Amino acid sequence: MDGVRCVDSLAAGNAPHNSFRTLGPTLLISMAYLDLGKWVVTLESGSRFGYDLVLLMLFFNLSAILCQYLSIRIGMVTGKNLAEICHQEYSQTICVVLGVQAGLSLLTSEISMIAGTVVGFKLVFEYDDLITIILFTGVVVNLLPYAFSLLDKRMAGMFNTYVAGFTLVCFVLGLLVSHPKTHVNTNVMFPKLSGESAYSLMALLGTNIIVHSFYTHSSVVQVQRRLPVLTLGSLFHDHLFYIVFSFSGIFLVNYVLLSSAADESKNAMAIHFQEAVQLMNQIFTNPVAPIVLLVILVFSGHIISMTCIIGSDVISENLFGVKLPLFAHHILPKIFAMVTTIYHAKVAGSEGLYQLLIMCPVIQAMFLPSSVIPVFRVSSSRLLMGRYKISLYIEILAFLAFFLTLFTNIIFAAEILFGDSTWTNDLKGNTGSPIVLPYAAVVLISCASIAFALFLAVNPLKSACTEAEELLSAVRSRRETLDKARHSEAASLEHSQSTLEHNGDSDTTIQSTAHMVIDPKAQPSPSIHHED
């Protein structure tokens, strides 16, 4: 996988400048957050709920920064990726479940990328044959990664980094230039939650934190453990700077999209494809914006495809214990994504693709609570991380991030089971809206994910159990040693006392005898008296 694993070459320092070892992996991983599905979710949230969810979107973005930062710490300190450590620290059953969740997250990311690129082509060229666009898109997003797999690591790594950097700059600056009227709304301190907003809240969670990126990011930086030039502490700081830089730009664009949708929609609810298209036309006033949008989608789709290949290899080998050849990681996820996209386009047309773009982040968000637990557990383990174990303050932040993801999932599950909102009726098929995923499947996945997260939260790492057992064994051994010492000391003291008593009796007898010998008043023995 020389060309595909080019990011490993960047992380190892095979680039003209040392900053590429930290900037390159971050740029490539951040491309997973730039597909059209993420934009659609943000637009719909802003059009339906205004600024009510902005603060929570900020918290989700900060949680993503924390998770990505802890992932790179794990890979750099241990020299292993997160999937390898999970295989080492959890049972095979838990690893399989984690692998299923990460694999589904990867597949939904592929689906969102292909469906978003198809919608982008449709918007720019106004071509109505969706099946042809899907087939063409599938070829485009697979062609570049497969071609780069034939190149050497250094060349492919440099080119992909430049492509990722160019795409991110176009993504941020293009939107700001296209829609410069956005203002900062300060009246967003307290989010307003309801049953109607639970679906959009879950979608925002899935757009800001992506499960399989933890495994991919920890995998591509694990080679930095062997770097002799820089210390891990300085590398941590560099990685953190670039992660904050990249994800701040992503949040800025999401905020611009959300606020623009809130201002332009005028309380209109963009819940259908045509309304979303009209809203995008209102926001992107520059005539060049659609072309820039399409370029961003094509380039980000290429990077997403490449990183998904890396993630697929890491997940299948370490969590499932299956080593697949390179072409399988190229072809199988793409075939699944294309078949799913073609099915929804055939059944429901553009509206089906639009609903699919929103459902994919919701599915990814369902797997988050249990998927962040290994990240937080491993990074806080002194046995695995040594002196690079995270501090107590970061542990508190990690707990709050986990609680935020779990709380969002619980609200979503409660609304599915007991609520009567518009989106629950859509899932049940009561409104005539296209059904992307059956209602029973959504309920089952949601409840099972929450239950697995709670189970994993009380299930410690094997190393922690071993360490606790060794500590307990050491305490017992020390206690037994102390008990034996006490018994030995008591026996010795008792022996000393008996010896003293015995010596005391002997001394009394000797003293009595000596008194009889030297006492002048003592009576002579009868035999001597008889002789006298």
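Cβ from N, Cα, C; glycine included.
These come from TrEMBL:
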TRANSMEM  53-72  transmembrane segment
TRANSMEM  93-118  transmembrane segment
TRANSMEM  130-151  transmembrane segment
TRANSMEM  158-178  transmembrane segment
TRANSMEM  198-218  transmembrane segment
TRANSMEM  239-258  transmembrane segment
TRANSMEM  288-312  transmembrane segment
TRANSMEM  324-344  transmembrane segment
TRANSMEM  356-378  transmembrane segment
TRANSMEM  390-416  transmembrane segment
TRANSMEM  436-458  transmembrane segment
REGION    486-507  region 'Disordered'
COMPBIAS  494-507  compositional bias 'Polar residues'
Selection from 93-118, 198-218, 239-258, 324-344, 390-416, the stretch that has most Cβ pairs under 8 A to the transmembrane segment (158-178):
239-258
Do any residues, 6 or more residues outside the transmembrane segment (356-378), come within under 8 Å Cβ-to-Cβ of it, and if so which ones?
36-38, 40-41, 44, 67, 70-71, 74, 78, 82, 85-86, 89-90, 97-98, 101-102, 104-105, 108-109, 111-112, 115-116, 119, 199, 202-207, 209-211, 214, 340-341, 344, 384-385, 395, 398-399, 401-402, 405-406, 408-409, 412, 436-437, 445-446, 449-450, 452-453, 456-457, 460-461, 464
In contact by Cβ distance (the transmembrane segment (390-416), the transmembrane segment (324-344); 3 or more pairs under 8 Å):
no
Residues sitting near the transmembrane segment (288-312): Cβ under 8 Å, six or more positions beyond its termini, same chain?
1, 4-5, 7, 28-29, 31-32, 34-36, 102-103, 106, 109-110, 113-114, 116-117, 120-121, 123-124, 137, 140-142, 144-145, 148, 160, 163-164, 166-167, 170-171, 174, 178, 212-213, 215-216, 219-220, 324, 326, 329-330, 332-334
Should the transmembrane segment (93-118) and the transmembrane segment (53-72) be scored as in contact, given a threshold of at least 3 Cβ pairs under 8 Å and pairs 6 or more apart?
no
Among 198-218, 239-258, 436-458, point out the range having the most Cβ pairs under 8 angstroms from the transmembrane segment (53-72).
198-218
Could you give the residue numbers and ranges of same-chain residues that sit at least 6 residues beyond the transmembrane segment (436-458) on either side and whose C-beta is under 8 angstroms from one of its C-beta atoms?
94, 97, 101, 344, 352, 355-356, 359, 363, 366-367, 369-370, 373-374, 402, 406, 409-410, 412-413, 416-417, 427-429
